[in-house]
Amino acid sequence: MNFSLDEFNKKISNAESFKQLGEERDKFNEMIQDLHTSIEQIKEINQIHDLFIQRTITLSETTLRGRGFGPPPVSYDFILFGSGGRQEQTLWSDQDNGIVYENPNNEHKEKVKSYFKELAITIEHGLERAGYPPCEGNVISTNPLWNKPLDDWYFKMNEWFEDPHWEHVRYLLILADSRSVYGQGILINKIKTRYFSEVASLSPRILEKMLHNTLRHKILLGVFGHLIKEQYGEEAGGLDIKYGAYIPMVNGIRLLSIEAGLFETSTLERIHKLKLMNLIPERYAAEYEKAFSNIFKLRYRTLYKKENGMYTSNGILKAKQLTKEQREELKSSLKIANKLQKYIKKKIDSSR
Amino acid sequence: MDLTTIGLNSIWLMLATILVIFMQGGFILLEAGSTRMKNAGHVAGKTIFTFGIATLVFWAVGYGLIYGGDGNAFIGWGDFFLNPNPEAVDGDAYPQTIDFMFQLAFAGIALTIAWGGFAERGKLAAYLIFSVLFIALVYPVVAHWIWGGGWLSEHGKQDFAGSTVVHLTGAMAALAATILLKPRIGKFNKDGSANEIHGHNQVFTALGVLILWVGWFGFNAGSTLEVGKAFFGYVALNTQLAAGAGAIAALLIAWAITGKADVPTMLNGALAGLVAITASCAFVDPWAAVVIGIIAGLLVFGSMKFFEKLKIDDPIFALSVHGVAGVWGTISTGLFATETLAVQTLDWGKPGLFYGGGFEQLGVQVMGVVTSGLFAFVASFIILAIMKAVMGLRVTEEQEIIGLDLSEHGSYGYPEQIKQTNN
């Protein structure tokens, strides 16, 4: 793989329509055929994803202007959740996003609301054209739950913290990974500042809830130290790298980061910061970093396909894609993921 | 023999007969629950009418070919169209009428096991014809060899209640059938990977297993035939232990290997424990019954995966539960049979390898299981291959997709449910 960030930046910024953007996206995915990607390259790929999304938003604003909606009535942050928020997007990531906008005056409230509703619809369409399928879990700015003014975000967030049942805790965990991809990031930072002060006042009870919510994904390691494979279907023998390896590590590190009040969203940055703050022992931090990097690279090797113009994958790594050494390496990474889960459980239980 | 003893024996054996016949109810639920809704009425109904066929054929020829006095080492001869003395006669421990009923119940179970290989795609006509031929030509041969004074019984082959005679024979017919019928539509992908075709009701399957479990006390404990000093209690104890051990072992191994504590696998583990202990229940110590059950539970899990790897579709796992566990159960007596039970209590064969019997009994067991299994497979395969050539065994693709309830019988087992899903 060999590409220049600047060159792509230029091409993407020059795209004048969603169609052109879609063509650039296809070229981009085509170029990265070699799936043996390094962590550095994955970072660059994520910067390019950001460029695609930013350009989609700019074009959407232009479209709305052309349709007589005018410029954005108040400032806003377009935020990414999930892998986009964590800067861990793959070549087949879907849309997980939301909008937070400045509180409008009462008299303009409905007008502003309808602007952002329209903007969200346009962006969703644009991102689809650029190959990003809509989020299956409906975490997307076209859903009013994820598209509202700052005060409403505060209000909702309060509600989630006050009644932390399973679904609300899920929302809180989603919010923890949020990152502004377009806008100054001031609004999302305000939300997060309040988020962390709520966490601090409600700990450890809220952390326990979050812990239980994230432990349901079982690591792909059996009691005999073997890899747990898919049993049936066309993926039989394959490994569910996404839910059996990647997500458990992401969830574990995220939980420690929420406890620590970190604004960082990328898992590797979070590990680094936790180490600097002496919140995890250095030895552990090195292990986590190594294990996560290995799993993350394997995740990139999952096969994906283009379906209805959008890039998707089932997250399963085929068994024959791995050599014996790679399987052994994966097993040791999974052992560390297991250790991470145990460490977190112990930590949160003992803080009770 | 005094009348009281005859009476007690007869009541016990009649009760056991009823329990074994009631196992058909267990199979109805087990098989219907393990298959899809569109075939439920067919699966349930065919168990009843094929048992009807088995009854008439067993009365006409089957019983005589096993126990008829004018036979040889290979087959029995006599007592066709049985017309027994209405009461026990001198020297009988129980009347022949009840003996016939008990033996018939066993033959019926072997046939029902064989249907596992036909499930969800066999033609109704194939069920009718094979019922006749299996009860007349396949089952009696193995039963005669081991129980009817045939050549294996002369070697002292130990099979107390039929791990080989009933379960392996049935499973071998199922194997022949499933090979000739080929897998169900949608079971395997082009690349050879298997899909899971879920049964439509795990509650039925579990209840079926429980009914079988209870029925097994008739099957195993009833095989003492006589009340005597109530040895049947000991046989029942071993049966219970092996069933429990099989269920636990299968659950744990599935959980450990696949990460999922799969309910159907656990249920198959209980059945595998029962099938395995069927041969050995009267020959082994209780601790050995537990070991036999555990190994059966582990084997059934591996075997289910193994047949899938071979691309053999075994819809209700008859090959694993009755075949593999049947083989293991038969061999297990060659390992665990104690001198006290085999020689002193039963006078049936010799002690096993772990009880000072050396390899002798084990050798007999292996020879018995190989020859019986081979005969049952080859005979069933020839019969079914001829049937396939002459009349065909499998419904058409379209019929298979609509479901056998409608295509073979004209009405659905669950009319309302099916209409909803079709809309």
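Glycine is no exception: its Cβ is also placed from the backbone N, Cα and C atoms.
Unlike curated entries, TrEMBL annotations are predicted automatically.
Positions annotated as domain 'Ammonium transporter AmtB-like' by TrEMBL: B:11-414.
Annotation comment: TrEMBL describes B:12-31 (among others) as transmembrane segment. Beyond the transmembrane segment (B:12-31), the same-chain residues lying 6 or more positions past its ends with a Cβ under 8 Å from any Cβ of the stretch are 43-44, 47-48, 51, 94, 98-99, 101-102, 105-106, 108-109, 112-113, 115-116, 119, 204-205, 207-219, 221-227, 232, 267, 316.
Here TrEMBL flags B:43-66 (among others) as transmembrane segment.
The transmembrane segment annotation in TrEMBL covers B:100-118 (among others).
Here the transmembrane segment (B:125-148) has long-range neighbours at 46, 49-50, 53-54, 57-58, 60-63, 65-67, 71, 73-76, 103, 106-107, 110-111, 114-115, 118, 157, 159, 164-165, 168-169, 173, 177, 368, 371-372, 375-376, 379-380, 383-384, 387, 391-394, meaning same-chain residues at least 6 beyond its ends whose C-beta is under 8 angstroms from one of its own. Sequence annotations record features per position, and here TrEMBL assigns transmembrane segment to B:125-148 (among others).
Annotation source TrEMBL lists transmembrane segment at B:160-181 (among others).
Annotated transmembrane segment per TrEMBL: B:202-219 (among others), in sequence order. Note on the transmembrane segment (B:202-219): residues 15-20, 22-23, 25-34, 105-106, 109, 161-162, 236, 239, 243, 263-264, 267, 270-271, 274, 278 of its chain, located 6 or more positions outside it, place their CB under 8 angstroms from a CB of the stretch.
Summarising the annotation, TrEMBL assigns transmembrane segment to B:231-256 (among others). For the transmembrane segment (B:231-256), the residues of the chain that approach it from at least six positions outside its boundaries are 12, 160, 213, 216-217, 220-224, 262, 265-274, 276-278, 280-282, 284, 286, 289-298, 300-302, 325, 345, judged by C-beta separation under 8 angstroms.
The transmembrane segment annotation in TrEMBL covers B:263-280 (among others).
Annotation comment: TrEMBL describes B:286-304 (among others) as transmembrane segment. Away from its own ends, the transmembrane segment (B:286-304) comes close to residues 237-239, 241-251, 253-254, 257, 265, 268-273, 275-277, 280, 314, 317, 319-321, 323-325, 328-329, 332, 336 of its chain (Cβ-Cβ under 8 Å, at least six residues beyond either end).
Marked as transmembrane segment by TrEMBL: B:316-342 (among others).
The transmembrane segment annotation in TrEMBL covers B:362-386 (among others).
If you look at the transmembrane segment (B:362-386) against the transmembrane segment (B:160-181), you find at least three C-beta pairs under 8 angstroms, all six or more positions apart, and that counts as contact. The recorded stretches the transmembrane segment (B:316-342) and the transmembrane segment (B:43-66) do not share 3+ CB pairs below 8 A when only pairs 6 or more apart in sequence are counted, and are therefore not in contact. With a threshold of 8 Å between CB atoms, the same-chain residues lying at least 6 positions outside the transmembrane segment (B:160-181) that come near it are 106, 109-118, 121-122, 130, 134, 138-139, 142-143, 146-147, 219-220, 222-223, 235, 275-276, 278-283, 312-315, 318-319, 321-327, 329-330, 333, 348, 368-369, 372-373, 376-377, 380-381, 384-385, 388, 393-394.
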